[in-house]
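Below is one structure, written out as structure tokens; comments come after it.
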């Protein structure tokens, strides 16, 4: 996931800089003294952090978070500066999507700029006393607070706004910063003098120099006023282990040694669970198998029960409601529950076991990783292939520590192959990197033009310069703000001479008595604002913001429409202005209610409450099926009140617990360019792998198990099998089999399927290099063309698109060409991809991505008219994405959540495949291995091996009829020897038989004539 650092805030107590990275969804801290960095908090996959502020006086930070799984609702959480004690602070009345937070230490309040509600509010750092500070009509790009004023900037203009913190009312001032372009993001930062020595926080341990910690010292949450015993916590960078207050390197053990995780020491693995403590803290004797006791019988009057003897009249109670669970070697068994979780998910900062045992120090310290796994410093296990792949898979990033990566000097851009070019050549519309990565994601228009930014509906656009957006209050205010004074054109100033007051947005006057009287006499309500009351010399009655019930779904809706947090209800204090949050019904106990989950005391009596993951139906809480919302990349398991994601065979769950990653490492992309084959590694390094003759390749595929590359050349019609992909290595070729335009490989039966586009004789055919034979699988309609062909060896099916006139027909068939089924018709199909595990087919065309079940049911349109899908070709599923070629770019669409599509890499290619172990399943048995067949053997959907002859007929005994020589495909320039020899032998035998028969007939004829002649002579 890309890095998007939006906010950096300083904690002056520890002299540390806190960083909010929205892209990686984490908060990190950097010590400005030691320059070391550590992870503070990693958000869940469904949480998107928006903004945050540090509150040093409490040892905490406040962060605005958007919950993707709950309709993108925004709430504000409080987290300790050490990443501990996260709790919800505000759950209601935040619309967003842009929210900004800033803390004022002088006033001990936190300002909240909510762009959706067009307000700046403030609350106490502990979440109480929310009040409105200003109503705004601009966007809020950045927010800053000094001891006297609140400042903010607008995203669409170059203006600075501010308001006095000590003055009530809606007075807002502004300043033009015309030296900046309109589209400039203006970030505000308030400076402050060093902390006064009288400040009690200067006594904090982290404030002292030297620090008690070797690398990073941070505050832990504490109350205010601060005492002299405020605590601290030492943090370590990724890859280091904290021992007391010092960070040390993790000791490397030999293959026959066991690592003591708390002691940071090694001992012989044979000594584990031997009854003696070898680790300093006894880790080697933890999680040992429970010894079993042999039943020797109980004394008279006793009986055996759960490994003990009890009275014969006592009831033997079963200790468990379920049978013991046996977990696999790749799973972890929860301590006090009957559940297994993936080992890759333990110690990842998120609780997966119902009892939370997967995140306890005991589990993180003692659970061993297999030899194929790398143990993170946090205690989690990840595949060794994920180590040093430039992606942080451990929650603490320790899998990328100590890796050597080439970097370019300052002022240079690093290409995908790690070469360096001057930074000035980045996005200059000229390709300087061999992989074209210097022009990736530039998205520059063809001509450099100034695009005027549209104004919001609550803003006024200047006539002569539409890029200038003004608050509506700037219209007809007697001051020229637009070029040419167009903001004051058409304004009538006829009210003042008559002793009347003008409405702001209409040509209407009202009397002094009509102002601030509680009724809107001006249609825009400007006669009831604070400014109007000041003009009329009346006291303005602060109106309470009324919210609909849907906007207060997580709070208590007062009788006057005000919304307050539930922890402010029935607490003995009035928070609703109409006092409806407190009455005698608050004392009614909850036991009188009949709730299925939770009960809450309210001013309206006891109320049934459903926790997250449930919805209220009457007085019952019903489980929400989160899996319907495509929250998982591969497999979603709905659970009571929650859900759990898992991955298909060959993949493992990432630390975000939603997406999946191949256990075989990064892999590479093979692609054709003219008569050459190139590879692009996971580090985006490009290398030419193979070249052949002077004819262009039309398609390619790959056998990962046997490291064989397959290529097709349409003209003059040739199929190539390359043993390995090393330059100069030759393999086998096939000619005299038609005009192959696209190929798809069955890596289980080792059969290459291809489309023969010979005019008037189009077929889907199959060839096997192992048996040196080919077969016609299916005759294609003469008035059509195949636009895509894909094989699913795991389910023994093939799918293809046939284009006829303006429509496409999507068909499925068995690998022998039988059982042809039309799955869908219509649209423009240019590419097919198969999800072999889920048995789903993905269909792509210009602007479209559609999902279909293998039986043609459950058609779901994922994308329609998507500009990122222009001319998609050869889509392939890998990990969490569907990859496809599109106008010399390799693009990809996410397979879950929002299904977002993006450009992955520039790739000047005609065709491509992903060379990676997880793409080709190896959990399917090859039924053709021992099957008798003299031609092409494939596996049917019934998992039975069938033998297909050259003409497409099926052989029941594995033998096929002999063919003429000219009909035989040529392997390496020769016909199949068995076919040719058999054919010649049969011809010779037939000729000999005919000759012998002829000689026999002649001899008999001659003998008969002589016999007749002799008989005649004898008669005479």
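Backbone N, Cα and C define each Cβ position, glycine as well.
Within the listed segments 961-982, 983-1004, TrEMBL records transmembrane segment for the stretch 983-1004. The most densely surrounded of the disulfide-bonded residues 369, 408, 415, 427 is 415 (count of other Cβ atoms within 10 A of its Cβ).
Counting every protein chain shown, the Cβ of residue 403 (disulfide bond) has 11 other Cβ atoms within 10 Å. Cα separation, residue 558 (disulfide bond) to residue 403 (disulfide bond), rounded: 58 Å.
Set side by side, the disulfide-bonded residues 273, 394 differ in how many other CB atoms lie within 10 angstroms of their CB, and the most is found at 394. Long-range neighbours of residue 288 (disulfide bond) (same chain, six or more residues apart, CB within less than 8 Å of its CB): 272, 273.
With the fewest other Cβ atoms inside 10 Å of its Cβ, the least crowded of the disulfide-bonded residues 381, 388, 433, 442, 558 in this structure is 442. Under the three-state DSSP scheme, residue 273 (disulfide bond) falls in the coil class. Shown in sequence order, 408, 409, 412, 413, 414 are the residues of the chain, 6+ apart in sequence, with a C-beta less than 8 angstroms from the C-beta of residue 420 (disulfide bond). In this structure the alpha carbons, written CA, of residue 403 (disulfide bond) and residue 427 (disulfide bond) are 29 Å apart.
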